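S.K.: The transmembrane segment feature in TrEMBL is assigned to 37-64, 85-104, 124-147, 168-188, 273-298, 318-340, 395-416, 436-459, 465-486.
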Amino acid sequence: MAPAVSTAALIEDDPWDMPELQDTGVKWADLDTKGKILRVLTIAAKLILLLGLLYMFVCSLDILSSAFQLVGGKAAGDIFQENTVLSNPLAGLVIGMLVTLLVQSSSTSSSIVVTMVSSGLLEVSTAVPIIMGTNIGTSVTNTFVAMTQVGDRNKFRRAFAGATVHDFFNWLSVLVLLPLEVATGYLVKLTDLIVKSFNIQSGENAPALLNVITDPLTQSIIELDETVISGIAVGDPEAKNKSLIKVWCQTASNTSLSILGNHIFVNTNLSDLAVGLILLACSLLILCTCLILIVKLLNSMLKGQVAVVINKIMNTDFPFPFAWLTGYIAIVVGAGMTFIVQSSSVFTSAITPLVGIGVIKLERAYPLSLGSNIGTTTTAILAAMASPVEKLGNSLQIALVHLFFNLSGIVLWYPIPFTRLPIRMAKALGQLTAQYRWFSGFYIIACFFAFPLLVFGLSLAGWQVLVGVLVPIVAVLIFVIIVNILQKHKPQWLPSVLRSWDFLPQWAHSLEPWDRVVTIMAARCCCCCKCCNVTEEDEETGTQENKDNEIEMYDKPTISVEIKEAKKTSDSCEILKATSL
């Protein structure tokens, strides 16, 4: 008689289920007076520490942006001078991505585009693909932030999906709207109609809400003259010889003399590249430290009743029949919060750890990310409103192009649940990176660096070369996607050979062989690092032990064999440890 087997073990848990947040602490009513005072003081101290870490996190992002501008700002200006390349929409798209990656600020790259349009070097229609590229380039920051949770597989799965849902929205929007814009020019026509229909006057500058708090610290460290990058972009020969580091920071009101700045590098003899690399290393160190501490602090704070309340507020829908409004309210909240902090990167990077630890669902993080795209464009519109009258029309039109591009993407990928492809794609990538965590680095390098550089290089060779190389690659990708869909849903429509990819070598349709290669390389690197750390004293000790072993080998051969066996076992353990790591 066959033994009875429980079916409970056969039921697999959904990896995307939110972790259960239960009130495991002591209830407030059960605490004595001393316990209540200690709890209040502990919560207050943690809140103050959290605000301090968030402040340092935002400041480190600002310094990181300045560091990237020092390292690659002039190169970004030179890239924008390639007007013949910019006439190619695909090249304009990747140039917008590359420049935003170099300066780590979509507002900076957008301001360069606005300057070139206002000066007549670029047509508005030519600048539209560049604006789309800046939208993609700014989404890499929160993808880097998700990498800080790589140590925990489940948290990393949720965090990486929460970060890349923003990437997939931008990529899919560009995939649909860029060809549509090239064919019809609807964004240029729509924004031109809006600008001409309203008698818009030049107004005040955009409100500096968060900068009022962060500028005292960041400007005491470094202050840049961003007009140098714009000058290089418009072809000013003097701008190439200027330093991006601002020396004369302000001008006295009653005299024509400038006042010497007071930041750390105001009198430095170092080059822009050296200062940029120093700031880059320091800001990355502070950024990663703040993120790790924020995640640990949130894990300690979001327990018990607090976690239950926040989870209910963030993830509960409105009652029927108004449940459909919940996502749109989240979009408004995301736009408002991004307008307050004046940076979509800061907002999306802040919610990524919350998705990882299970406080915010991926389905709720998606509309918040869409709202952040809207919020960052409203800041650009207000900044454009402060432009001079002669430049107001073009500046405002470019800002409106950015706004309506994001609104068009929301119309495509949000209202109907079936069209919310970014969520499904982010879950698939999150599941893949949780299984093969090295693939997250490959994704970032391939999508944000290798592909844009490849397209940019082919664009320099001419559009014929670009089309000749990319069209076969795109055709193969489309074929693979269609075959994969048919294999999953309608395999009977395919010939027997294409019903699976088993006819290909395993490395061509599976990451398992590549995972073994990465694991072996990691194990060898760990072994090499361990060998390099051996001191001379250890070497002398090892030499003496080897001599003793040699003497014993001649006296007692059986013991020498046992020593060799033990050494093999020890080496195997070291490799296993490195492999598991």
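Quick reminder: no glycine exception, Cβ is built from N, Cα and C everywhere.
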S.K.: Tell me whether the transmembrane segment (168-188) sits in contact with the transmembrane segment (273-298), defined here as at least 3 Cβ pairs under 8 Å among residues 6 or more apart in sequence.
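M.R.: When sequence-distant Cβ pairs are counted, the transmembrane segment (273-298) does not touch the transmembrane segment (168-188), since fewer than 3 lie under 8 Å.
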S.K.: Output the single range from 37-64, 85-104, 318-340, 436-459 maximising the number of Cβ pairs under 8 Å to the transmembrane segment (395-416).
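M.R.: Top-ranked stretch among 37-64, 85-104, 318-340, 436-459: 318-340.
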S.K.: State, in range form, which of 85-104, 318-340, 436-459 has the highest count of Cβ pairs under 8 Å to the transmembrane segment (124-147).
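M.R.: Per the Cβ under 8 Å count, 85-104.
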S.K.: Would you say the transmembrane segment (465-486) and the transmembrane segment (273-298) are in contact under the rule of three or more C-beta pairs closer than 8 Å, pairs 6 or more apart in sequence?
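M.R.: Answer no: the transmembrane segment (273-298) and the transmembrane segment (465-486) share fewer than 3 Cβ pairs below 8 Å.
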